[in-house]
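According to Swiss-Prot, the protein carries these features:
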type	residues	note
TOPO_DOM	1-37	topological domain 'Cytoplasmic'
TRANSMEM	38-58	transmembrane segment
CARBOHYD	ASN59	N-linked glycosylation site
TOPO_DOM	59-65	topological domain 'Extracellular'
TRANSMEM	66-86	transmembrane segment
TOPO_DOM	87-130	topological domain 'Cytoplasmic'
TRANSMEM	131-151	transmembrane segment
TOPO_DOM	152-165	topological domain 'Extracellular'
TRANSMEM	166-186	transmembrane segment
TOPO_DOM	187-247	topological domain 'Cytoplasmic'
TRANSMEM	248-268	transmembrane segment
TOPO_DOM	269-283	topological domain 'Extracellular'
TRANSMEM	284-304	transmembrane segment
TOPO_DOM	305-348	topological domain 'Cytoplasmic'
TRANSMEM	349-369	transmembrane segment
CARBOHYD	ASN370	N-linked glycosylation site
TOPO_DOM	370-384	topological domain 'Extracellular'
Amino acid sequence: MVTEDFYKYQVWYFQILGVWQLPTWAADHQRRFQSMRFGFILVILFIMLLLFSFEMLNNISQVREILKVFFMFATEISCMAKLLHLKLKSRKLAGLVDAMLSPEFGVKSEQEMQMLELDRVAVVRMRNSYGIMSLGAASLILIVPCFDNFGELPLAMLEVCSIEGWICYWSQYLFHSICLLPTCVLNITYDSVAYSLLCFLKVQLQMLVLRLEKLGPVIEPQDNEKIAMELRECAAYYNRIVRFKDLVELFIKGPGSVQLMCSVLVLVSNLYDMSTMSIANGDAIFMLKTCIYQLVMLWQIFIICYASNEVTVQSSRLCHSIYSSQWTGWNRANRRIVLLMMQRFNSPMLLSTFNPTFAFSLEAFGSIVNCSYSYFALLKRVNS
């Protein structure tokens, strides 16, 4: 089924983590097992954040060491926000899948089917390419110690014992791997499903635009009744889209806002780290790791900002699309409905962050990048 490709594999992983609501018919042992899975990943994240915090306190006077901690600390904070948000809002968020599979969002023409298929292909390609690049970045983080004669651990967190001993080193290395990979996949899953939901919302708006533009002229008296019915269907369809948009915003708003704030910390720390490296000093592999991770972080915030911006663009076309229909020959009642719909369509859809005046958009993405570079330049000047 085409619609299932928008979310299928991501929901499976959410179920593995124990953050997605089980069906009402689930047995008690399934619910207990789900709670155990959620507790396991929550404890791992909590221990990671605790060890990162201790490492930061131990090196409070050394800027570069603190920024090395921020390299992953901020990312894990956003992971914790995503995990807790999904668990706390699981009952409401389960309605997303029900809404997407609802016949109310079904296609009515071959052209609409083509629109849905194009977005499905785009979603699958983005999920796969983003997943491959993210896993590649995580693998590099784990592999880099091999090029340093195992002189350091993959993540800059507190060492619970001396890494000079092989048993202690590999025990901590294994712990770092167990911590890093599930949270990496959580990021991939959440970000790709957020993009999928926004794309599905966008294609619903495109379908509504198409239906409004196809509203035809009045040739016979009974055509006014047919047009009145189609207008009411479009108005009801728009109301369903708005309700779906509210669910999507609930999914994205909290974790996405935390992600934007954490991204600034990660981008600044990566830029500062790269500015202190030199290929001549044998830092090529470390620079490659940081560059790829930087690209993943930029991609992570770009996909949500871009898809949200597309929703805003498509919703802003609604008013023009209904005006483009052949409304001049309709009766007064239908023209009144058109006027009411145009007033409703006048405000485009925005997916806001915690700050109501700051929405997810390409402008927001540009602001994040500019802000990160400004903080980096200031930090570099202060420490030069």
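Counting begins at 1 with the first residue displayed.
Every residue gets a Cβ built from N, Cα and C, even glycine.
In this structure, the C-alpha atom of ASN59 (N-linked glycosylation site) lies 28 angstrom from that of ASN370 (N-linked glycosylation site). Between the glycosylation sites ASN59, ASN370, ASN59 has the most other Cβ atoms inside 10 Å of its own Cβ, all protein chains included. Residues 63-64, 67-68, 70-71, 74, 290-291, 293-294, 297, 372-373, 376, 379-380 of the same chain, all 6+ positions outside the topological domain 'Extracellular' (269-283), place their C-beta atoms under 8 angstroms from a C-beta of that stretch. Mean model confidence for the topological domain 'Cytoplasmic' (87-130) is a pLDDT of 88.
With Cβ pairs under 8 Å as the measure, the transmembrane segment (66-86) is packed most heavily against 248-268, out of 38-58, 166-186, 248-268, 284-304, 349-369. Long-range contacts of the topological domain 'Extracellular' (370-384) within the same chain, counting only residues at least 6 positions beyond its ends with a Cβ under 8 Å from a Cβ of the stretch, are 63, 263-264, 267-268, 271-272, 275. For the topological domain 'Cytoplasmic' (305-348), the residues of the chain that approach it from at least six positions outside its boundaries are 194-195, 198-199, 201-202, 205-206, 208-210, 212-218, 224, 227-228, 231-232, 234-235, 238, 245, 252, 359-365, judged by C-beta separation under 8 angstroms.
Helix, strand and coil counts from DSSP across the topological domain 'Cytoplasmic' (87-130) read 38 helix, 0 strand, 6 coil. When each of the listed stretches 166-186, 248-268, 284-304 is scored by C-beta pairs under 8 angstroms to the transmembrane segment (349-369), 248-268 comes out highest.
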